[in-house]
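Reviewing the structure listed below.
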Amino acid sequence: MKLSSSPTLFSAGFLAVLVGYTSSIAIVLQAAQSAGASAAQLNSAMLVLGLGVGGGTIVLSLLTRVPILLAWSTPGAALLATSLHTYSYAEAIGIFIFASALMVLVGVSGLFHRFSRWIPSHLAAAMLAGILVHFGIALFNVDKSAQALVGVMLLAYLVVRWTWPRLAIIATLFAGIIFLSLQGAWQSESLNWHWALPSWQTPVWNSAALLGVGVPLFLVTLSSQNLPGVAMIQSFGYQPRLSPIITVTGLLGVVLAPFGGFAYNLAAISAALCLSPEADPNPKNRYKATVFAGGLYVLCGLLGATIIGVFYVLPAPFITALAGIALISTLSQSFASAFEKEDQRESTLFTFLVTASGLSFFNVGSAFWGLLLGLVIHYARPRS
């Protein structure tokens with residue numbers, strides 16, 4: 001395979017990885033902190049996330065000759081960031097394995113398409129919106145001392161999004177770093193370059209955690225990552241066999257979860273960079289862009305400890321702002337999808353409100369109860 005056929009393949013792959021990290025790393029760190037992960041466990045998670053995404057991307061792209069780009073579940077990380085604070089890290093590992101095993105099940109059984117039809121898309125979108133809305137609110141709930149930083153980052157995001165949407169999150173990241181550097185609040189000289197190492201954690205099985213967080217993690221990953229990822233691939237004319245791909249994403253999670261790999265899935269937004277004609281005019285060559293992206297993900301995984309170091313020397317308001325801004329587009333799309341049809345808005349609204357409320361029954365989180373109530377209302381409502 002000759003990767004030199006088009007220089008744009010390299011730029012597309014590089015940009016896909018850059019967007020993938022900058023749009024989600026802050027949320028992943030928040031999820032790990034919510035789970036009580038130690039520094040060694042966090043380094044291990046970054047290692048296996050990069051290795052799993054990169055290795056899976058390379059293998060699937062080479063086998064199918066389709067530009068298949070994997071990712072970790074950003075909406076899933078957002079869910080975990082708001083749901084894991086009452087559980088131990090060992091219980092969190094059990095949640096990761098359980099959710100990934102469910103993904104293997106729907107892949108192997110061929111239930112992927114049928115399962116997606118059982119849960120209406122507007123309820124999945126409402127549940128996701130209820131999870132993400134807290135990140136949007138946090139963006140405007142920072143201390144006065146950080147308001148200028150957030151303002152600069154938000155301005156950079158809006159200006160670049162109106163002109164070069166694909167670069168909006170990257171511009172936000174660099175705008176914040178430049179502002180902090182000018183203020184003397186971030187010194188890159190303090191960074192230490194070293195390799196990440198794996199750290200095993202034996203899972204603990206908590207039925208309430210599996211039901212209250214594991215099931216929503218599976219559903220969010222399925223509906224908000226894998227389904228859009230499939231739609232993105234097919235929108236560019238590719239028709240790969242879906243069941244084996246979904247099965248691979250689940251197997252990656254089952255195998256790598258004890259090291260911190262919480263959920264693997266198809267990429268959507270970043271995948272578009274490798275799927276589009278800008279990567280290569282010839283559709284048959286575009287898989288090379290994802291192969292290159294996979295290699296970069298592997299390298300970033302090996303340097304996971306250093307990547308974490310970059311974000312740990314940044315002030316907490318910067319991480320909060322970057323996470324909130326990175327999720328604005330997803331939150332907006334979730335609201336639009338959830339409330340699109342008037343006759344579905346009642347079930348949608350209750351799903352959103354319950355999920356966003358943070359309530360808990362029997363130690364089961366609000367995302368599960370919100371979706372359950374929405375499903376009851378949706379299917380019990382008399383049809384005209």
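Just so you know, glycine gets a Cβ as well, placed from its N, Cα and C.
Note: TrEMBL annotation is automatic and uncurated.
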119-139, 140-160 - the range that TrEMBL marks as transmembrane segment: 119-139
The transmembrane segment (321-339) versus listed stretches 41-62, 93-112, 167-185, 245-269, 289-314: most Cβ pairs under 8 Å: 167-185
Closest-packing stretch to the transmembrane segment (245-269), where packing means Cβ pairs under 8 Å, from 41-62, 93-112, 119-139, 167-185: 93-112
Distal contacts, the transmembrane segment (119-139) - CB-CB under 8 A, six or more residues away: 27, 75, 78-79, 82, 150, 154, 216, 219-220, 223-224, 227, 320-321, 323-325, 327-328, 330-331, 333-335, 337-341, 344, 347-349, 351-356, 366-367, 370-371, 374-375, 378
